[in-house]
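*Asks:* Sharing a structure with you now.
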Amino acid sequence: MQWLRFSWIPGLLLGLPLVQYLPWLDLAFLHNAQLPFLLLVGALLLSFFYHSSRVGLAALLLMAFYGATRLDWLLGWEQDLPIYLGLIALNLMLFSCSRDRSIWGYLGGVWLMALLGQGMGLFWVQQNFGPLLQQFSLPHLPAWSLAFESFTSPLPLLACMAASMGAFALLILYPGPTAMGLLSCNLLMLYGVWSGMPLVPLMSVAGLLLLTSLLGSSYELAFRDELTGVKSRRAFRYQMLTPGWHYCIAMIDIDHFKKLNDRFGHQLGDQVLRMVATQIARYAPGQLFRYGGEEFVLLIPGRDREAAEKQLEFMREKIASYPMHLRSGKRSSGNKFWRSENRTGQQVKVTVSIGLAQKSRRLRRAEEILKAADQALYKAKRSGRNRMSIHH
Ligand SMILES: Nc1nc2c(ncn2[C@@H]2O[C@H](COP(=O)(O)OP(=O)(O)OP(=O)(O)O)[C@@H](O)[C@H]2O)c(=O)[nH]1
């Protein structure tokens, strides 16, 4: 369910129809014909800095199409708009399939050629046969296709729906702000085909969505730990400026992690870090941050230290009993090295030590409480590990 974290991006899309009912907000600016260019060029330029080929290609495609309509290169594009939007949606979905990289790489070149080929193909069809919708009109279709008469007009709608479903599946497989941004654009195309939304606001909103997905990427880069997906130390630093009135801080450290790394390799070490982060997020209270290395920190709101203690104990036991098994004794690359379900291989025992401190009259400042939690953690380590120690 990691993808839910990025639901604020399509939230923007859903929010727009509501915003238009606010009497003091005039959305007429979305109809300014220059706005899509500004937003899409902005998204394209930023995508270079972020090495986000997916956003770059999407911005380029939308800009090329919008530019072609402004220059009247596409005859009768108003009638053909649903077909173009269906095609754009399918391309956006295909962009989601690839990983982000520089647009100037080999794959970026292939995509650019494919887009150019599509554009030239469409131009050629238009010049030789007229607007696309005419190709679907009955006199041009063979007699047998009359049976499918009713299917010709919903074709763009079906293309957009298929593209949206594909983009959703890809978002679940590879969750991230870019995948969510592309899915939102697909949904926007679907809405455009379904409602007949004019092109200018449609392209403006698409540009906004692409820019928002890049903003989401920059938030992830700044405040998330890439390996475990939990909030980073920087996020913790900012959170500590306004920690709340009553809270506890728990420091959690994996025991003998160096030995684990040395014995089984860093790849297994990374998998252990991910497993521990997942278990803490699932069973422990409060907000979780990766403090650094094999150390995590929890900011637990409220006065009830005993309840926090119970939950932390439960989490510690869950980690200690987590079934991590090696598949074979040999080192190998990739995730095949171990599986938690395969109980035939050697078991890797992972335990954590915890230090807990609460805000009190003597411990008022966030740094003091953090230091106290760290001292408690040190005590837990010294007294044998795989246990919790509380600062009194
Ligand atoms: N695989 C992996 N290892 C890391 C990462 N960050 C830090 N480490 C390793 O974590 C280890 C930390 O070792 P120590 O600080 O000695 O702690 P420890 O072995 O857990 O010992 P105790 O805390 O006393 O139980 C070092 O070997 C680091 O290389 C990471 O992101 N991935």
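Placement of Cβ uses the backbone N, Cα and C atoms for every residue, glycine included.
Feature list, courtesy of TrEMBL:
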type	residues	note
TRANSMEM	6-25	transmembrane segment
TRANSMEM	37-69	transmembrane segment
TRANSMEM	81-97	transmembrane segment
TRANSMEM	104-125	transmembrane segment
TRANSMEM	155-176	transmembrane segment
TRANSMEM	188-211	transmembrane segment
DOMAIN	245-392	domain 'GGDEF'
*Asks:* Do you know the DSSP helix, strand and coil residue counts for the domain 'GGDEF' (245-392)?
*Replies:* 62 helix, 38 strand, 48 coil
*Asks:* Go through the chain and flag residues at least 6 beyond the ends of the transmembrane segment (104-125) whose CB is under 8 A from any CB in it; none is fine as an answer.
*Replies:* 53, 56-57, 60-61, 64, 68, 73-74, 87, 91, 95, 98, 132, 135
*Asks:* So what pLDDT does the domain 'GGDEF' (245-392) average out to?
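*Replies:* The answer is 86, the mean pLDDT of the model over that range.
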*Asks:* With Cβ distances under 8 Å as the criterion, find the stretch in 6-25, 37-69, 155-176, 188-211 that has the most pairs with the transmembrane segment (81-97).
*Replies:* 155-176
*Asks:* Quick one: do the transmembrane segment (155-176) and the transmembrane segment (37-69) have at least 3 Cβ pairs under 8 Å, skipping pairs fewer than 6 apart in sequence?
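*Replies:* Between the transmembrane segment (155-176) and the transmembrane segment (37-69), contact is absent.
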